Amino acid sequence: VPFAGWSLPLHYGQGHLQSHLHTRRRCSLFDVSHMLQTRVYGRDRIRFMESLVVGDIAELKPGQGTLTLLTNERGGIVDDLIVTNTSEDHLYVVSNAGCADKDLAIMRGRAAELQATGNDVHLEVSDNALLALQGPSMARVLQAGLSDDLAKLSFMNSITTTVFGVPGCQVTRCGYTGEDGVEISVPVGQAVELAERLLGVPDVWPAGLAARDSLRLEAGLCLYGNDIDETTTPVEAGLLWTLGKRRRAAMDFPGAAIIMAQVKEKPKRKRVGLTSEGPPIREGAGAASPCSPPHIPMSPGTVTSGCPSPSLGKNIAMGYVQAAHSRAGTALTVEVRKKQHLALVTKMPFVPTQYYTAK
């Protein structure tokens, strides 16, 4: 299927349901090479990155990464990024494919501004492929091809190493499924070789976009363009934890005045999880309180992602509702095929996450 200018597999021979469940029980390989990978060099690289995002990049230890948000002056989310402070001499940034062009334009523009005032920063777009190995047997599968000890690599940490004989791979313990997993940035000329080595292990199946979407929704993770965009703020999206404490105090990121005012005054709407029986809730469905008298108009909510959950056997969704209706257990009505169906506001993640922390 077309996706952000790329042609990507929706699913492989096993089908979506089997692929999803296999990832939860064993592990799957996702080709996520459509993501934009950028390296930021120069002594002022942290100043540069913090002028664009809400996170505390300066506090990251060598090899440590974080999810952060690129924001605009209105407090909206331009993209969600993973920024890693590598143990080499650069920051490693992974951006969403659908935002690649605008992210790159913003980053190049800011780099030029800083360079013009004597700052030392420059960007390099990586042509590496990106492979994500996700699931509970990931560590056993990958460890067979590593000399490094995976037990020492915690969630959101990164090493550069040789993987199954392919040198110069950056292995980051992260992913988009809620399972223990890694993303491997691999030199493009050896990506097929590495993928074939991994898929040669019986535990490893290839997985496509359909499983990626249902897995991330079960894990309560946002899809850019659906659940977050330039009209949603970190506070509304429930992503306040991405704001570094020092950054909140300094208010030195784009849109800080609007975002911090929302923190103080509370937002009018919030991102919530929903569960329901009956027909699946899909993106674009309206949501409202069933208690609202019909003659009193209320600001409707909107479903931004939804699908039947393969792991739970019921419908799950996320979307935005009025803050007054955002408490877990609140009953709402959701419109599916022009009929009203009951849905419950439900805490996320829907399926417990299995991120790994080294002992």
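Every residue, even glycine, has its Cβ placed from backbone N, Cα and C.
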Of the ranges 5-28, 269-292, the one TrEMBL annotates as region 'Disordered' is 269-292
For the region 'Disordered' (269-292), the distant same-chain contacts (Cβ-Cβ under 8 Å, at least six residues beyond its ends) come to 220, 222, 226-227, 232, 236-238, 298-308, 312, 314-323, 325-326, 330-337, 340-348, 350
Cβ contacts within 10 Å for E183 (substrate binding site), all chains included, total 24
